[in-house]
């Protein structure tokens, strides 16, 4: 008799747990009906960089999520396009710049990115002055 009561209690507990898991799965399905989200660019709340928002749409649903635009991003190719860059090339004497090429490593949030990009920067002069005046301690 005692074994039968224990068995019924265990069976009842199993049913309760199973129904709770089923309800949880149902809630997840309702919230994730949309599978193809289209995300816009991250728009900083103030200035050119820092914290901001990104809007996403899927059918009639719209979501707004927090995002961050790094302050060292290059506007030409966007903050959501991540590139792997080669080493800087030699200095071009006629233009006074050096260049390197980057290949697309990752496009975040379905961003439209170029496969390869080329960036330039001014050549730096080789002669940098490293001499600094040393301050003596109070003897004049």
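For all residues, glycine too, the Cβ spot is worked out from N, Cα and C.
Under the heading disulfide bond, Swiss-Prot lists 34-58 (among others), citing similarity to another entry as support. The Cβ of residue 58 (disulfide bond) has 15 neighbouring Cβ atoms from other residues within 10 Å, across all protein chains displayed.
Sequence-distant neighbours of residue 42 (disulfide bond): residues of the same chain at least 6 apart with a C-beta under 8 Å from its C-beta are 52, 53, 54, 67, 68, 69, 79, 80. Annotation source Swiss-Prot lists disulfide bond at 42-67 (among others), citing similarity to another entry.
Taking all protein chains in view, 10 other C-beta atoms sit within 10 angstroms of the C-beta of residue 71 (disulfide bond). If you look up Swiss-Prot, you'll see 49-71 (among others) marked as disulfide bond.
The Cβ of residue 81 (disulfide bond) has 104, 106, 107, 108, 111, 113, 114 as same-chain neighbours under 8 Å, each 6 or more residues away in sequence. When secondary structure is read from DSSP and collapsed to three states, residue 81 (disulfide bond) falls in the strand class. Taken from Swiss-Prot, the feature disulfide bond covers 81-113 (among others), and the record attributes it to similarity to another entry.
Summarising the annotation, Swiss-Prot assigns disulfide bond to 91-123 (among others). Taking Cβ-Cβ distances under 8 Å and a sequence gap of 6 or more within the same chain, the neighbours of residue 91 (disulfide bond) are 97, 98, 123. DSSP assigns residue 91 (disulfide bond) to coil in the three-state reduction, outside any helix or strand.
Annotated signal peptide per Swiss-Prot: 1-22, in sequence order.
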